[in-house]
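Below is one structure, written out as structure tokens; comments come after it.
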Amino acid sequence: MARGKNVELSEYERKRQENIAKTQALLRNLEMEAAEAGLGPTGKSRAAASSKPRVKKPAPKKIKQEDIAPRRTSSRLKGIEADSEKAKRKAEDEYVAIKEADRAKRQRVSDAFNFSDIVVAGKDWNRSGNFLSIGPANPYERTFDFDDVKETTDKELRALREKMSGLQLWEDFEPNEIKITPERIYAMGMHPTTEKPLVFAGDKLGNLGICDASQKVAEVKQEDDEDADNEGPTITTLKPHTRTIHTFQFSPHDSNALYSASYDSSVRKLDLAKGVAVEVYGPSDPNEDQPLSGLEISKDDANTLYFSTLDGRFGIYDMRTPSDQAELFQLSEKKIGGFSLHPQQPHLVATASLDRTLKIWDLRKISGKGDSRLPALVGEHESRLSVSHAAWNSAGQVATASYDDTIKIHDFSKSAEWATGTALTDADMKPSVVVPHNNQTGRWVTILRAQWQQFPQDGVQRFCIGNMNRFVDIYTAKGQQLAQLGGDGITAVPAVAKFHPTLDWVAAGTASGKLCLWM
């Protein structure tokens, strides 16, 4: 047949070629759609990895965690028929066993611990591990900056603002490198020593993280080595409690003694010199659930422990006696979020409660019988929403933070003159200063609390409080803002903030267990 001659196609051949054309068109459309969606093969292979070997960090020492939960077993292998009475009993027994295991995991342990027994992460505790040896928020939007400092006309106030605003984050490590606790931080504090910054933090699961902030970067980072791993500081993590550590305090009588209060219903004393943690208070019935929301040791008596509970009770306990000898007073029908003793007049107690009140109590006069036995109520002030904490300073002022988005400062500077049985009027209880402040922490951020510096060296009373825009605010007792501390590497709200007792060092913790430290 001549090559150029037209040939009439059969009906079958024509149909076959139409089907081929349709199939090819469909394939082309699919390829185009895949390319637009980014599913097709890339034109270039990934760049070859750098020939420079990457230094691997040594694997951290793993501590075996014992699982106390019962193991599931196969009913079929045991010959138990499905839906039989025997199978139902087996399922019920397994459910009870799992619930009991969960309860046992959360129940407090009353035994004394050596620190080496409760280290869960970081450096092992030994002689060298005693750190006391000398060796809606708008993230990052400032509400106080250096322009406010420059515009200050009062010379003394301006000097103080310049000083406090000049505090800098720990230069050796960024906050996102300093994971001081495994879980959300609830309590923060700095050891009273002035030799070096020694930071403690308590978290949601009962861990206590300890960071010696005098340590330096172990390895100098090479500028051209972008792949180098950033190692954080050495952290030691103890687990003295089985549930949230809500509050802790260094004893005013012994700086080696740290007292911690927990939702596991216990108070423990950690002896930092001996490396031992012992329970000093807990309900006499080990099954009683009495979560604690605060504790304090008076400067006048090293043996008396004051504490508050989430069910509105306030306790006084002589630690030399059995725990059932503790005096308990029902000061509120709702949760007491925090309390404090007047530093100079420790018979005066300020409580903040979910019932929206700040109340001042006088422990010198206790009257009534049974459940009605109470200290004398000096006065109370009601806010629009719940009050999270009440903190005395040594000048007789009380700072509170509440969900009505305010910080209130109440002036009771004449409290040293109050006779037993003094009753204040509503006008006397009104705050002298009200500072607008966003306190809407929500579910995932620890409640903001105003915390005074115990012994300011210049005599100017000041407190710090976390800021929802990822800063820490510092105010005077007159409500004047001194600084808004921030910096690079702060990726969450530093909600739990605390001053060093005497030095201008501020430590703050986040919901991810990270530490921010300004010095």
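Glycine too: its Cβ is placed from the backbone N, Cα and C atoms.
What you are looking at is a predicted structure, and each value in this text was computed from that prediction instead of being measured.
Going by Swiss-Prot, these are the annotated features:
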- 53-62: compositional bias 'Basic residues' (COMPBIAS)
- 78-92: compositional bias 'Basic and acidic residues' (COMPBIAS)
- 35-92: region 'Disordered' (REGION)
- 240-280: repeat 'WD 1' (REPEAT)
- 287-327: repeat 'WD 2' (REPEAT)
- 331-371: repeat 'WD 3' (REPEAT)
- 380-420: repeat 'WD 4' (REPEAT)
- 442-485: repeat 'WD 5' (REPEAT)
- 488-519: repeat 'WD 6' (REPEAT)
Distal contacts, the repeat 'WD 4' (380-420) - CB-CB under 8 A, six or more residues away: 337-345, 348, 350-360, 362, 364-365, 426, 429-440, 447-452, 454-455, 461, 463, 465, 475, 477-479
Per-state residue totals over the repeat 'WD 4' (380-420) - DSSP helix, strand, coil: 3 helix, 21 strand, 17 coil
Sequence-remote partners of the repeat 'WD 2' (287-327) [C-beta within less than 8 Å, at least six residues beyond its ends]: 107, 243-244, 246-249, 251-254, 259-267, 280-281, 333-341, 343, 346, 349, 351, 353, 361, 363
Beyond the flanks of the repeat 'WD 6' (488-519) by at least 6 residues, Cβ under 8 Å: 137, 163-164, 167-170, 174-190, 192, 194, 197, 199, 201, 203, 209, 211, 213, 441, 444-449, 451-457, 462-468, 470-472, 474
Contact set, same chain, for the repeat 'WD 5' (442-485): CB under 8 Å, 6 or more residues outside the stretch: 136-145, 148, 157, 160-161, 164-165, 167, 184-186, 337-338, 343, 388-389, 391-395, 397, 399-401, 407, 409, 433-435, 491-503, 506, 508-509, 511, 516, 518
